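Participant: Dropping a structure here in structure tokens format, bear with me for questions.
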Amino acid sequence: MLLLEAGVQMFLSQTAIAIILGLKVKDHSSNLSQGFAVFVVIMVCTFVSSFAWSWGPLGWLIPSETFPLETRSAGQSVTVCVNLLFTFVMAQAFLSMLCHFKYGIFLFFSGWVLVMSLFVLFLLPETKNVPIEEMTERVWKQHWLWKKFMEEEGPDDYEKGDGANGVNGNKTNKTGHANGYDPTSQL
């Protein structure tokens with residue numbers, strides 16, 4: 001919910017800035033009254049604050065909570081790499097984009113905020129109150145899209161113990177417990 005709430009605030013503030021600058025500021029004039037200038041500053045502050053309490057920190061937190069334990073370190077490494085790469089690209093391209101797009105740069109970014117918010121709405125599952133150990137089973141294998149990419153455990157996932165079918169003819173899973181029974185679960 002935090003991402004969606006902030007997405008609405010960021011989208012509206014970017015769009016408002018673009019409309020005001022598009023209507024009031026031309027290439028060879030600075031016809032922006034003090035009232036509009038204050039409003040633009042308030043909209044910029046709204047954008048920054050909504051990013052600061054949502055997309056900024058949650059962009060680091062959500063991947064660390066949603067990756068399964070087996071792939072968490074690799075997934076977090078890819079997250080950091082992609083985040084820093086695009087931060088670098090945007091820092092290098094921003095001034096050039098501002099010169100070419102003018103007020104349209106705010107529409108460009110508001111369009112990306114809309115895309116990000118739609119991605120969160122439809123493709124990012126809710127992970128509230130789900131333990132990390134159960135993330136794969138309770139979240140990813142239940143999601144309408146991502147479950148297509150999850151492997152189902154079958155008979156081939158069992159390791160053989162003593163004899164053809166494990167101890168006493170029972171199949172043993174990877175933890176060494178027959179038929180999924182874990183004696184420590186009784187403690």
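Placed from the backbone N, Cα and C atoms, the Cβ positions cover glycine too.
Keep in mind it's a predicted model, so treat the numbers as computed, not measured.
As annotated in TrEMBL:
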type	residues	note
COMPBIAS	165-176	compositional bias 'Low complexity'
DOMAIN	1-128	domain 'Major facilitator superfamily (MFS) profile'
REGION	155-187	region 'Disordered'
TRANSMEM	6-23	transmembrane segment
TRANSMEM	35-56	transmembrane segment
TRANSMEM	76-98	transmembrane segment
TRANSMEM	105-124	transmembrane segment
Participant: Within the domain 'Major facilitator superfamily (MFS) profile' (1-128), how many residues are helix, strand or coil going by DSSP?
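Facilitator: Across the domain 'Major facilitator superfamily (MFS) profile' (1-128), the residues distribute as 106 helix, 0 strand, 22 coil.
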Participant: Compare 6-23, 35-56, 76-98 by their Cβ pairs under 8 Å to the transmembrane segment (105-124) and return the stretch that comes out on top.
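Facilitator: Comparing 6-23, 35-56, 76-98: 6-23 has the most Cβ pairs near the transmembrane segment (105-124).
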Participant: Restricting to the same chain and to residues at least six past its boundaries, which positions have a Cβ under 8 Å from a Cβ of the transmembrane segment (6-23)?
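Facilitator: Distant contacts of the transmembrane segment (6-23): 32, 36, 39-40, 43-44, 46-47, 50-51, 53-55, 102-107, 109-110, 113-114, 116-117, 120.
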